[in-house]
Amino acid sequence: MWSPEREAEAPAGGDPAGLLPPEWEEDEERMSFLFSAFKRSREVNSTDWDSKMGFWAPLVLSHSRRQGVVRLRLRDLQEAFQRKGSVPLGLATVLQDLLRRGELQRESDFMASVDSSWISWGVGVFLLKPLKWTLSNMLGDNKVPAEEVLVAVELLKEKAEEVYRLYQNSPLSSHPVVALSELSTLCANSCPDERTFYLVLLQLQKEKRVTVLEQNGEKIVKFARGPHAKVSPVNDVDVGVYQLMQSEQLLSRKVESLSQEAERCKEEARRACRAGKKQLALRSLKAKQRTEKRIEALHAKLDTVQGILDRIYASQTDQMVFNAYQAGVGALKLSMKDVTVEKAESLVDQIQELCDTQDEVSQTLAGGVTNGLDFDSEELEKELDILLQDTTKEPLDLPDNPRSRHFTNSVPNPRISDAELEAELEKLSLSEGGLVPSSKSPKRQLEPTLKPL
């Protein structure tokens, strides 16, 4: 089933058939209704109005998200949603409704809502609005001109978050201050044009995650240290560090250029030697040596600048650690505010006293139960004597000895005379493993009778 969320996951590009709602190609009657203009008022037919708005509003926003843009125009949308040579006649009404709900905002209004003194006409951000636009706004006409740029508010916030994460994961984040030109290069893939890049910076500034300052004709951007932190104004330390970083880059580029020049002089000397031009080779070698001395001097300066930057970074880290310790001490003081050694000792004494009281209560309760169950020992002795007397008069009905009951129940004990037993014994013979009857013994075999113990 089609949904704006699934469409948003589609790659950037046009609107292939698979990325549009199913009825786009299958239901002519439905699409004819959707491409028709809205009624002048929702009250005329609220069902038809809501059906069209529910179709086009999510589609407009998901189309912009899929294209990776935050700026949209009515004319661009009409071209994007052409179907069989027809354009949707109600898109202007859809944009007006999105403006009313705050999901879209006019680009000029958004820029005016942010304190952006660093933006000027020279950076190519603003476009002069035609006079008829201004007159229409003054006269209260809410129609959206086909060329007016609108900003998708939620998409702009997402793009600003993307740029912030991109900066945080880049080498530029080693220091919170970065040149605007370097940041623009870093965000080239995320922001397709200069206007989008400036809109993103304005959104980050609105969220107090960046601040922009113009220094010696060049704009620099300062980022907040953490994702949930607020950016502080650019101070002298930030400017000084930025200038040192710029000096480091200039020195590095100069060293690289001189290294290439030294290599070129060396190659010229080699060619001169091959050609037998000794004086020319010597001049080239002298130029190479002079260039190498300049490289050594620049390396020394570069090391100094880098050393200063390292110390600044270390001091910033130390300041962060100091602030963390200070916050920890403050929190510990608050947590131990009402705790003293005297109070702790008093609390321990109270606990011990309560434990002693509990033990006494337990002993008292146990003694009360025992006293309630006491019996007279003389009465118990008399009752025991009566039981003993009854026992001597009548035998106790005790169970039989298990051993004797076993043999009595399992072995028959017929009454046989002594003569019969002797006759039987004579017929028995001794064999290995015990007594067994001989071959002349009668069929009736008698087992020895075991008397119970």
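Numbers here mean position along the shown chain, with the first residue as 1.
Backbone N, Cα and C atoms are what each Cβ position is placed from, and that goes for glycine too.
Automatic, uncurated: that is what TrEMBL annotation is.
What you see is a predicted model, and the numbers here were worked out from it, not measured in a lab.
Feature coiled coil, per TrEMBL, maps to range 248-275 of the set 80-107, 248-275, 332-359. When TrEMBL is compared with the stretches 1-22, 155-176, 287-308, the one noted as region 'Disordered' is 1-22. Summarised by DSSP class, the composition of the domain 'CHMP7 winged helix' (156-224) is 37 helix, 15 strand, 17 coil. If you take every residue in the domain 'CHMP7 winged helix' (156-224) and average the pLDDT, you get 88.
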